[in-house]
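**Q** This is the structure I want to talk about, given as structure tokens.
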Amino acid sequence: MIVRNEPPITPELVASHGLKPDEYERILKLLGRTPTFTELGIFSAMWNEHCSYKSSRIHLRGLPTKAPWVIQGPGENAGVIDIGDGQAVVFKMESHNHPSYIEPYQGATTGVGGILRDVFTMGARPIACLNALSFGDPSHPKTRHLVSGVVAGVGGYGNSFGVPTVGGQVRFHTRYDGNILVNAMAVGLADADRIFYAAASGVNMPIVYLGSKTGRDGIHGATMASAEFDDDSEEKRPTVQVGDPFAEKLLLEACLEIMAKGCVVAIQDMGAAGLTCSAVEMGAKGDLGVDLDLDSVPTRETGMSAYEMMLSESQERMLMVLKPEKEKEAEAIFRKWGLDFAIVGSTTPGRRFVVRHGGDVMADLPIKELESEAPLYDRPHVPSPQLPVIQARDVAPSLTTADALEKLLAMPELCSKRWVWEQYDHVIGGNTVQRPGGDAAVVRVEDGPKGLALTVDVTPRYCEADPFEGGKQAVAEAWRNITAVGGRPLAITDNLNFGNPERPENMGQFVGCLKGIAAACTALDFPVVSGNVSLYNETNGRGILPTPTIGGVGLLDDFTKSASLAFKAEGHPILLIGDTQGWLGQSVYLRDICRREEGAPPPVDLAAEKRNGDVVRGMIHAGTATAVHDVSDGGLLVALAEMAMADGIGAALDAAPAAIVPYAWWFGEDQARYIVTVHERDLLSVFTKLKAVNVPCIQIGLTGGHEIAIAGERAVDLKVLRQGFESWLPDYMAGKP
């Protein structure tokens, strides 16, 4: 097959497309000839790591994905769960790591835009966004610039589009110096019986291009996301897409309108690999062929080649299969919204993917093989070495308890991230019940009493030290945060960020974390319904910390009965629920106070997580709990300080028990724990009920005053704590020493 004006296919050209020699040989055998330049680009896009999951697919099969409330699991644009009353929640999380490092503002904006499209492609109206951001060491010369650009990009897109950004994570670690992580999650609401899917159906059905015009931005974006970085990575700036939130808002409204009119047979957003991936997936999932005529594609630049049009990742675009009798009605709707509408092809019975341009056939490929016959690798992997348990008595504290608390709260890991989330509109739409800064966001479901509890969680240092326990803990933390606001955890989406899978130690981390995630999801009845894998997060051979971010969704039957972490009044008994051993391995205290980043992380007892969480949720629903907070990073005393600072009510705390050294008691990071306050009148009944179900519970103090006062220790004024807690990040971003 010879096409005019295309470069010859050479080994160098093949390599530049990210294809290994054996993969190219596979293409030659599949076609029985040399591919055209456009076909090479199509294979490069469909067979890269970002689109094909060729290194991860065999391991992803072990995740639990089913439950009675799951309508759609992995494999579609987003996951869908039933929340009753004919309503469904549609949600997913994806990464935009590589583009955000190269061009932080545009990389972040298009990450948000892409995940929003995944949600409304399914027929849902987006109601909330969350994100998890990982940056390098604050002292790295690029970190401040990257933080500024990414945060502005996330806020700029979400605010303009009109969806609240209600929660997230921000972390700093030197292992992200050369590869930041930008993980974006979107959540939407839809009618449970009106979910739209990507699979085309019917022969000779019109395939319609909708939305913004195609340009040269983003070409090879998916391929870039499937390779390591090096010192020249910033030269890849042209591969970063450019987003327009106002165009996306128009696209949302137009799509929802034609869905309501019954025009749509199948729909797929143009994300990674653009027109190529959307058309191939639509046809292959429907067991049909696709015939595209690129002469009909709306373009914003002159002289674009077939190769460029097929691989462009210009934003705010959709591909649909329409009912033929609804073409004119659909076109009128899109014209009304000022968006492009063009019939660019049709479905065919031949299971071929044919691309035409300027009178030439630029590509003629077997469509199923493009999608389902991508290389599948069971890459070598080695387990991470088992690290020793750190004995608390072997740790020499360098600071008093009070001094350590003040220092920890004024450091990057635990300081307030208000500077970040105040740049996001977290209340637009008027349905945000609990704002950022708590355990989980709570968003009201319109036209009823229900609410959604939303969170994103992961502790990468645990995953590095013990991938299996780290994977379990990421899920357990999401489950715990949803529980702490009164939500019933329903399902998760995951964003699996790892280094180069061709290194056995990295692949071992991936496999270990995935096994931990699967174990926790199974034990907690918390299925995975969508997700994303981002590999090759390395620069010059130095990989990120393994970061399997978990996005959790839970349901509250009555959002007015949600719990929050703030102490509500003086004189409330403070209860610690869960077992405390004083586990210091991989704790923030050990790392930031003792300068020791070592040891085994805390083990996660999933039975205890389930038992303790169910009890706490029951206390919230019964109206017994007046404040609730889970214990995680920084341990017990940090969690207590956060509760006190939230509303300016202090606490008088008992001394640590004699069996545990004080710094391990206050700063250990044992799992499956909650702090709950109750009215004095309910104390005896709470102890009785928890003892009956074998849930550990002790009283550790009383709320009151304006300081954190531990018996036998120096008291710490809340104003002093808040000053350090609130000032580190704005001071850092302002360049203050």
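Here the Cβ of each residue, glycine as well, is placed from N, Cα and C on the backbone.
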**Q** What does Swiss-Prot list, out of Ser398, Ser416, Ser530, Ser534, as binding the same substrate as Ser95, His96, Asn97, His98, Arg117, Gln241, Glu313, Ser314, Gln315?
**A** Ser534
**Q** Could you look at Lys92, Lys417, Lys450, Lys568 and say which one Swiss-Prot places alongside Tyr53, Asp494, Gly531 in the ATP site?
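**A** Matched candidate out of Lys92, Lys417, Lys450, Lys568, per Swiss-Prot for ATP with Tyr53, Asp494, Gly531: Lys92.
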**Q** How far is it from Asp269 (Mg(2+) 2 binding site) to Arg117 (substrate binding site), counting Cα to Cα, in Å?
**A** 6
**Q** Among the binding-site residues Glu94, Asp118, Asp269, Glu313, whose Cβ has the fewest other Cβ atoms within 10 Å?
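**A** Output over binding-site residues Glu94, Asp118, Asp269, Glu313: least Cβ neighbours within 10 Å is Glu94.
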**Q** Note the Cβ centroid of Tyr53, Lys92, Asp494, Gly531, the recorded ATP site, then list each other residue of that chain whose Cβ lies within 8 Å of it, in sequence.
**A** Leu60, Pro74, Met93, Glu94, Thr493, Asn495, Leu496, Val528, Ser530, Asn532, Val533
**Q** Of the recorded positions His50, Asp118, Gly531, Asn532, which sits closest to Ser95 (substrate binding site) by Cα distance?
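**A** Given the candidates His50, Asp118, Gly531, Asn532, the nearest one is Asn532.
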**Q** Using the residues the record lists for ATP (Tyr53, Lys92, Asp494, Gly531), what whole-number Å value is the largest Cα to Cα distance?
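**A** In whole numbers, the farthest two Cα atoms are 17 Å apart.
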**Q** Between the Cα atoms of Asp494 (ATP binding site) and Glu313 (substrate binding site), what distance do you get, rounded to the nearest Å?
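**A** Taking the Cα atoms only, Asp494 (ATP binding site) lies 23 Å from Glu313 (substrate binding site).
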**Q** Out of the recorded positions His50, Lys92, His96, Gly531, Asn532, give me the one sitting nearest to Gln315 (substrate binding site) by CA distance.
**A** His96
**Q** Given the recorded positions His50, Arg117, Asp118, Glu313, Gly531, state which is nearest to His96 (active site, proton acceptor) when distance is taken between Cα atoms.
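**A** Closest by Cα: His50.
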**Q** Given His50 (active site) and Glu313 (substrate binding site), what distance in Å do their CA atoms have, once rounded to a whole number?
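**A** One finds 13 Å between the Cα atoms of these residues.
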